[in-house]
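What follows is a short report on a single structure.
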Amino acid sequence: MPVVLRSSPLLWARVAAMVFACVAFSVALYGAGLTHGTGDWCIFCWSFSFVGTLLIILVEMFGLQTRAPVSWKNFPITFACYASLLCLSASIIFPLYFLKGYAGRDEMINCRIVSTVFSCLATIAYLSEVSLSKARPGEVAGYMATAPGLLKVCETFIACIIFVFISEPITYDQNAATKWCLAVYCICFILSAGIIVMCVGECTGCLPFSFARFLSTYALLAVGLYLSATIIWPIYKFDNKHGGQSHRPNSCGSSIGLCPWDKLLAISVLSALNFILYLADLIYSARLVFVTV
């Protein structure tokens, strides 16, 4: 089996991302002194990104794209986008939990600093890969290489972060309104994830209706649902009249990472961010329908 390895900016971006992610988790495992589950999450982000990128490079090196059980027009850029978001989350979470409040120049602190720096470099490298792989105007490419496809990845990733914050501690069972917000996050996440799976698995042709029209209809529904959650969640969590707490507790200043009030605020911000992403998704999807019809 011939080995083909053509030098290109895309290849070098993948190699750089793989090396940076490898250094990040290797140094963290070697001497960062990780003590709780947050460190395990960061290790997962870096190692998952490293292994996936290595797999993509090997598949393209040996010319196995046609034998892969996924759409190779959609899978590499989808993975690169998720990897960039994973490394970005690790670049934020790792120093927040393992550098904030620590002082000194011992080996453990140095290892944590090195892991943070290389995590940031891995994020930049993966973003470069996404930029090099995304569809250009007039170019025939897979759906996941287009702006709506990349937005779907961001939407599902943000929803996952919301799920983490909303469940630790559990903050959605206050009343029917906050339970409705949880339902919005779940419905939109499941549908967006289903669209990604169908595109990567090349199953969009199996639908009994137009995929483009389904995308625009779903984007319109998601915009309405997230608009309601973006309005309802802050009202019931930060308005004193509805049982919320408008001021940040003093205890949050001494806690490591995010305190419960900070997580409630993060959910509000992420809900608004996802609303904006779904609104942009709707605009792109509507253009897709009117251009193709």
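Using N, Cα and C of the backbone, Cβ positions are placed for all residues, glycine too.
Positions annotated as domain 'MARVEL' by TrEMBL: 5-138 (among others).
What TrEMBL records for 143-290 (among others) is domain 'MARVEL'.
According to TrEMBL, the transmembrane segment annotation covers 12-31 (among others).
Panel annotation: around the transmembrane segment (43-63), residues 1-5, 11, 14-15, 17-18, 21-22, 24-25, 28-29, 34, 72, 75-76, 79-80, 83, 86-87, 89-90, 119, 122, 126 of the same chain, lying at least six beyond its termini, place a Cβ under 8 Å from a Cβ of the stretch. According to TrEMBL, the transmembrane segment annotation covers 43-63 (among others).
Among the features that TrEMBL reports, transmembrane segment is placed at 75-99 (among others).
The feature transmembrane segment is assigned by TrEMBL to 111-128 (among others).
Annotation comment: TrEMBL describes 140-165 (among others) as transmembrane segment.
Beyond its flanks by at least six residues, the transmembrane segment (177-198) meets 78, 144, 149, 152-153, 155-156, 159-160, 162-163, 166, 171, 204, 207, 215, 218, 222, 225-226, 228-229, 232-233, 235-237, 271, 274, 278 of its own chain at Cβ-Cβ distances under 8 Å. The feature transmembrane segment is assigned by TrEMBL to 177-198 (among others).
If you look up TrEMBL, you'll see 218-236 (among others) marked as transmembrane segment. Residues 148, 155, 174-175, 177-178, 180-181, 184-185, 187-188, 191-192, 195, 242-244, 267-268, 271-272, 274-275, 278-279, 281-282, 285-286 of the same chain, all 6+ positions outside the transmembrane segment (218-236), place their C-beta atoms under 8 angstroms from a C-beta of that stretch.
Residues annotated as transmembrane segment in TrEMBL: 264-284 (among others).
Beyond the ends of the transmembrane segment (264-284), by six or more residues, the same chain brings 146-148, 151-152, 154-155, 158-159, 161-162, 165-166, 171, 181, 185, 188, 216, 219-220, 222-223, 226-227, 229-230, 233-234, 237-238, 258 to within a C-beta distance below 8 angstroms of the stretch. Taking residue pairs at least 6 apart in sequence, the transmembrane segment (12-31) and the transmembrane segment (140-165) share fewer than three C-beta contacts under 8 angstroms.
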